[in-house]
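Trainee: Next up is a structure, given as structure tokens.
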Amino acid sequence: MSLEELHSIFSVFALPIFDLSSNILRRTSRMADWTECMNYGIHIAREAREVILHAFRIKKAVMLKSSPADLVTETDQRVERMLISAIKAKYPHHKFIGEESVAAGEKLILTDSPTWIIDPIDGTANFVHRFPFVAISIAFAVNKQTEFGIVYSCIEDKLYSAQRGRGAFCNDIPLATSGQEDITKCLLVTEIGAERDQLALATMTSNIHRLLEIPVHGIRAVGTAAVDMCLISTGGADAYYHIGMHCWDIAASALIVSEAGGVVIDTNGSEFDMMARRVIAASSMSVARRIAQAIQAFPCERDDDPRAHPQKAQIEHSTDSGNDVHKKAGGHRRL
Ligand SMILES: Nc1ncnc2c1ncn2[C@@H]1O[C@H](CO)[C@@H](O)[C@H]1OP(=O)(O)O
Ligand SMILES: [Mg+2]
Ligand SMILES: [Mg+2]
């Protein structure tokens, strides 16, 4: 058979197959474009910010969750309900992992289905004290991969966002990390979390000690993991580490850091796992690895470990310095 004959046979059969596969490809890529969901997420985050701004200025009822430093207010719960019901109305088949729903006893399971991972107020202790860094964090994952992230720093009015493969932005201005490679020239950010047990406290303070000893330029804490991570994406700080936070604190901002050119890894140097409750976000891999070498983690139950699921909080009431404080009476384990 001549080459020409072979070619004519091939083109008769191959063309429809090629057409079919390119159609499938086109459809798949159209399916994988989550821009409409992201724009809707931004729209409802703007509405939620109004609720937070109003409540920020007034007296709040405060409740305790896993520890005397793990606070929740009615606004956290209200904003989460508001976000989830708005998303459900538009995308009835989507799934949710929300901080306050999990605290109320809902199971924390990340499946391959489109899932919104929500922290209605990141920085609740700041919110209670009117320390002006409070954020809404919304991540959206499909096949367990984060497709977009939104972090709205409400008081500053800074809206951070990133879509996978499309860069990171703050109020529509493109973001880039500092690119710093030298740990001794780094400004670091971390958080003293909600844990108050001896092992966690000793580990957190010795980590700070070891990093200051390197030495680094300084260590800061803003009070919201989501905003801390976004500061790495702006180049305003060079690296962030945190142990004990949850997936809703950092799922959105991890994508924002990566899309701004940064790296996100586990504190033990391995690949980032949003359920592991350990993170280093840095301007470069060399800085991230140097931090991983210096610090230690205290043990935390994974977010997706069924034993980590909290029982519903039991609350009793007392008062504290102008804010109404409800004290936890029952066992409510989240740490
Ligand atoms: N158990 C925990 N340990 C450490 N950080 C936690 C934590 N629980 C929540 N965080 C988050 O860490 C930062 C402050 O330490 C906040 O972003 C806070 O989120 P939250 O305000 O939504 O509770
Ligand atoms: Mg949070
Ligand atoms: Mg929160």
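Cβ atoms are placed via backbone N, Cα and C, with glycine included.
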Trainee: Out of ASP238, ASP249, ASP266, which does TrEMBL tie to the same Mg(2+) site as GLU99, ASP119, ILE121, ASP122?
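Mentor: Site partner of GLU99, ASP119, ILE121, ASP122 for Mg(2+), according to TrEMBL: ASP249.
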Trainee: So for ASP119 (Mg(2+) binding site), how many other CB atoms are inside 10 Å of its CB?
Mentor: 32
Trainee: Through the lens of DSSP with three states only, how would you label GLU99 (Mg(2+) binding site)?
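Mentor: SS state of GLU99 (Mg(2+) binding site) = helix.
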Trainee: Please work out which residue of GLU99, ASP122 has the most C-beta neighbours within 10 angstroms of its C-beta, and give that one of the binding-site residues.
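Mentor: Of GLU99, ASP122, the one with the most crowded Cβ is ASP122.
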Trainee: So how many other Cβ atoms are close to ASP249 (Mg(2+) binding site), meaning within 10 Å of its Cβ?
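Mentor: Summing over all protein chains shown, ASP249 (Mg(2+) binding site) has 28 other Cβ atoms within 10 Å.
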